[in-house]
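What Swiss-Prot records for this protein:
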- CYS96-CYS172: disulfide bond (DISULFID)
- ASN5: N-linked glycosylation site (CARBOHYD)
- ASN10: N-linked glycosylation site (CARBOHYD)
- 343-347: motif 'NPxxY motif' (MOTIF)
- 25-49: transmembrane segment (TRANSMEM)
- 60-81: transmembrane segment (TRANSMEM)
- 97-119: transmembrane segment (TRANSMEM)
- 140-159: transmembrane segment (TRANSMEM)
- 179-202: transmembrane segment (TRANSMEM)
- 292-315: transmembrane segment (TRANSMEM)
- 328-350: transmembrane segment (TRANSMEM)
Amino acid sequence: MDFLNSSDQNLTSEELLNRMPSKILVSLTLSGLALMTTTINCLVITAIIVTRKLHHPANYLICSLAVTDFLVAVLVMPFSIVYIVRESWIMGQGLCDLWLSVDIICCTCSILHLSAIALDRYRAITDAVEYARKRTPRHAGITITTVWVISVFISVPPLFWRHQGNSRDDQCIIKHDHIVSTIYSTFGAFYIPLVLILILYYKIYRAARTLYHKRQASRMIKEELNGQVLLESGEKSIKLVSTSYMLEKSLSDPSTDFDRIHSTVKSPRSELKHEKSWRRQKISGTRERKAATTLGLILGAFVICWLPFFVKELVVNICEKCKISEEMSNFLAWLGYLNSLINPLIYTIFNEDFKKAFQKLVRCRN
């Protein structure tokens, strides 16, 4: 987003020559990140468009997120690279206004898309039956439109406030002269969505964990009922005894006398059922860990990429004595841009349908 750059007019030719290798390295690194972001998001968009199996309202949100991140890669990153390498804005104030507008709107829209996806997943888990009827392409379209409209409303006011200050021709930044404007832009674009995402994904994890445990308990009860066998004990009446209980008893207490118990208790079928139950429990635990890992990656990437930048924005613009170096400011801005590269990876890498679609696209290219 907006970051401060200084002019290199006061530098001597020798100093400029000495700094050339580092500038080339920075230029190549940032250009590589921009190219990767463009390619991966383009791949996600293409996969969703050409693969019929991916034509689902939930994936339309992911496609819209990929479009937003694609715009960041092709309309925001290249100008930022030139600005950083040149250390001054050389493209005029008209293009500066346009670049800042696209930068703020697209980055805000990308963040709000993450909130919309979190809300969509939360409703799909907690209100599956009712939400399945509402989860239509039209509903996804309304959600996407709402996200873009909110992004514009959050992003436009800071652009108007920018013109209240005296901007230099060689700078392309937004000066937050008012605390109100700083709080409005940072809370609207990041802090409120962050709180919403944290709450939703916490509830999603709890709901998913409860669902796994309920399914596991239901399977165990079903196997208990299906595994009951008839036993005879002298002149006593016939009783129903669970085979899984007998197997657990035999493992926990080897001294137990099972000679009087019917031989079917130790039958291979009973042992097979117990083994199957254990495997299901293991699979359920694996799925729970996978869900936790996925949610952790989503939240971790979002917080790591954007939190430092917005903390800097809040602190620097509220505290007049607080300063930050040009290099650190640029680094934090690009750390935020990096989220546009990570998003398509996280939201598709754990989906088998996306994996197959990507493999198909790569094979077609070859």
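Glycine is treated like the rest: Cβ placed from N, Cα and C.
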Neighbour-count leader, CB within 10 A, disulfide-bonded residues: CYS96, CYS172: CYS172
Chain residues in Cβ proximity to the transmembrane segment (97-119) (below 8 Å; excluding those fewer than six residues from its ends, i.e. six or more beyond): 1-2, 58, 61-62, 64-65, 68-69, 71-72, 75-76, 79-80, 91, 143-144, 146-148, 150-152, 154-156, 158-159, 162, 172, 174, 185, 188-190, 193, 196-197, 200-201, 204, 298, 302, 306, 336-337, 339-340, 343, 347
The motif 'NPxxY motif' (343-347), counted residue by residue under DSSP: helix, strand, coil: 5 helix, 0 strand, 0 coil
Distal contacts, the transmembrane segment (179-202) - CB-CB under 8 A, six or more residues away: 104, 107-108, 111-112, 114-115, 118-119, 121-122, 154-155, 157-158, 161, 295, 298-299, 302-303, 306-307, 310, 313-314, 317-318
Segment-level pLDDT (mean, integer) for the motif 'NPxxY motif' (343-347): 91
Distant-in-sequence neighbours of the transmembrane segment (140-159), which means Cβ under 8 A and at least six residues beyond its ends: 57-58, 60-61, 64, 97, 100-101, 104-105, 108-109, 112-113, 116, 120, 174, 176, 181, 184-185, 188-189
